[in-house]
Amino acid sequence: MPDALAREEDTVPVTFPSARRSPDEQMSGACYTNHTFEYDDGSTRTARLSPRCGGRGVVLNVQDLEMTAGASVVPSLQTYFRFRDLLLGDQTFHDDRVHVEFYVDENTFKERLKLFFIKNQRSSVLFPQVIVASISFMEAMLLMYLSYKGNIWEQIFQVSFLLEMLNTVPFIITIFWPPLRNLFIPVFLNCWLAKCALESMINDLHRAIQRTHSAMFNQVLILICTLLCLVFTGTCGIQHLERAGKKSLSLFNALYFCIVTFSTVGFGDVTPQIWPSQLLVVVMICVALVVLPLQFEELIYLWMERQKSGGNYSRHRAQTERHVVLCVSTLKIDLLMDFLNEFYAHPHTQDYYVVILCPCEVDVQDHQTILRAWAVKDFAPNCPLFVQILKPENKFHVKFADHVVCEEEFKYAMLALNCLCPATSTLITLLVHTSRGQEGQQSPEQWQRMYGRCSGNEVYHIRLGDSMFFREYNSKSFTYAAFHAHKKYGVCLIGVKREDNKSILLNPGPRHIMSASDTCYYINITKEENSAFIFRQEEDQGKGRGHCDILNSPSGLPVHSIIASMGTVAMDFQNTSPTESGVKLAPPPENEQGSRRPSIAPVLELADSASLLPCDLLSDQSEDEAGQSDEDVTANEFVKGYPPNSPYIGSSPTLCHLLPQKAHFCCLRLDQSCEHVSFEDAKAYGFKNKLIIVSAETAGNGLYNFIVPLRAYYRPRRELNPIVLLLDNLPDDHFLEAISCFPMVYYMGGTIDNLDSLLQCGVLYADNLVVVDKESTMSAEEDYMADAKTIVNVQTMFRLFPSLSIITELTHPSNMRFMQFRAKDCYSLALSKLEKKERDKGSNLAFMFRLPFAAGRVFSISMLDTLLYQDYMIPIARLLLGLDTTPGSGYLCAVPDPSGSAGSRTRSAACTNPPVPVHD
């Protein structure tokens, strides 16, 4: 030791009575004393008394201690002593330095508390630390005992248990061994225990604050806590270890060093000086390289899963953002893509969010759908509600919804109209799907380019007073407006709705006079708001150009404008020709002088008096004009009226051809004779018209909607086709009661894979065979194999009866490529390649070029899923299919054209008759 250091020789405390102290002495603490110091050379020295003691005590004065000659600065201790002091703190044994003890007058309780909690801070902190450590130790022991599963070492070597022992056992030992109180204990490691506790209680914490957060939020919170624990541990550890160096670091400098180091910047202005702190830095970096990648990996995994399955939509976002809610029973890619393509195809829905609600279990029944609809209506009564259900008998449960789409109703009605109006399912499907008409434009086939371009036609609506298409037809008849709008602008006006009436009228005829407040419904590739108008001035008036009679109508409106946006085409395809740009369409060329004019009569602006007479719905004008023949005697037995018995509650009443008296149940059986009828097969009946055969598994209530459109009052009596129901399971009496009032409706048991059943039901005399998808095949183990049996049976009938029109319903639209399958047919392979190209382009109508779909021979109910998202298309589709009837509204029918002059015949029909032609 240096000579300047003295050693303690004797200790004699000196105290003064506190009552005799002056205020100055009490403030200066004049009760401290020093001892006699002996230097290494043998001399001794006692410090002078402080003047503040007044000679009554001795106060240590460090300035009076002189150094030996040549020793101006006390040298620092060796590293051994510094590191030992760092670990053990100040010890009372084996100390080579001078030890000075201070004593205080402990007469008052106030001074004792002041000494314990303020002056001696180590003792004030130690007391609560010991209490907390004892509680934590007992809790750790209790948890280890309760979670014991046979392997004690697995629990002992857990990181959380080791940290608990490291931070609690030393404090408990200090209770029984006071010298160990100076031992440094790394209590800052408790932050890791706090992180583990947060991970365990985070879900309970969310329930306590009544907030729900996603797994993504939980993982981000855990990652932030991990980073904070790493920085906090490194900061406290480095700051403590650097106290043994020549220059200690402050807590802020240690924090700065950790932030710079973990961020891989490393300025180098603050560095650890001794090897223990350097070793700690290496350990912390290794821990960070192990822990952080694991946390980031789990975070990225959750992010990818969230991108696949979507995120949570909070109540706060719902209050500030516009959104729609889609409730589905099971998530299917075709369903979601159809919904998203259709929903976001309109500009005004681009800023809406889509919230998808899907249960974990698969739901194929309507009961859960009804309960969900009730729950939504109870929670948000003013929210517009669109409901899609399976069975028609469940419609009356959701009558409160704004729009209800029943799959079986639409399915059977569309299959029925396919028998009367071929490709009705194709027409409706293309109308309810949004397309720009770009499909098939690269095809070498002319019909595919025309078919693809016209597939972009949709139904739009606009107020007549705001429309450039129809405003000039104010106070004109509907027929006049429809004809001239088609000739002038190439749009097809199909319906109208009065301002004071909620019902849509399809082709109300010449009796309806257009007004400015009417809402017009028209078919076009794009709506009027997105159309551009190009006005052409007739420059060559003296070059022999003339106008046809229809252009010299009382309105005097020349053809001087056309639609020039997005390749809009008129419905009359024969009069369209592409311009040089290939995008705009030129108007139909006017007839030159001397050319043959089409024999088209002018369309009247207002209906004449004869057409304004009130019509009788119970009369058949077509038959009155044609007259009756001797072979139509049986047709006179039919009457018109509403079916007396409906198989379910909620069916729309439709005026139909009925029997004067209900048929007996035994007479409805085609393959068995009875006391009233002796026939046992279709051939024996000798039907004059072709049969319509329906193959179904059971006679459900939806099958009733197949019969109603085929027996509607507007169908000519002479053209009614006999209907034969080929059922796997015989119907019950309730269904027979409902169909017994319809003429020429029969049933028999059998399946389409039984040739005898097909021959007995009259497949040789049938015009159409409708194969309905069976419910039992929908539960196949492989999803897309649900149609396997149906496809094979239809393929067999296609080979056996090639002239038979077979209309098939499939579960999955992608399986229609197997209908009428020919393995080595080059044309089918070319269509397959075209479908693949359109699918790669993102088209949602890639299947449209398949010949069975284009001809209306195959249909899938999932194609109409987009109908649910279009409010006014639902009543229009129901009117077209005959599911609803509105007084004064028209219907969908097919007009045969044996002559082949489709264009002139269509224009002539539009001029002379009320029907509005939709397509040629």
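Even glycines carry a Cβ here, placed using N, Cα and C.
The annotation compositional bias 'Basic and acidic residues' is assigned in TrEMBL to 1-10. The compositional bias 'Low complexity' annotation in TrEMBL covers 899-910. Residues or ranges marked as domain 'RCK N-terminal' by TrEMBL: 689-829. Positions annotated as region 'Disordered' by TrEMBL: 1-27, 576-597, 898-920. As annotated by TrEMBL, transmembrane segment applies to 126-147, 159-180, 220-238, 250-268, 274-296.
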### Task
Kindly state the mean pLDDT of the domain 'RCK N-terminal' (689-829) in the predicted structure.
85
#### Entry: Long-range Cβ neighbours of the transmembrane segment (250-268) (under 8 Å; 6 or more residues past either end)
227, 230-231, 234-236, 238-239, 242, 281, 284-285, 288
### Query
Sequence-remote contacts (6 or more beyond its ends) of the transmembrane segment (220-238), Cβ cut-off under 8 Å?
186, 188-189, 191-192, 195, 198-199, 202, 249, 251, 254-255, 257-259, 261-262, 272, 277, 280-281, 284, 287-288, 291-292, 295-296, 299
### Message
As a quick check of your reading of DSSP, tell me how many residues in the domain 'RCK N-terminal' (689-829) are helical, how many are strand and how many are coil.
### Response
60 helix, 29 strand, 52 coil
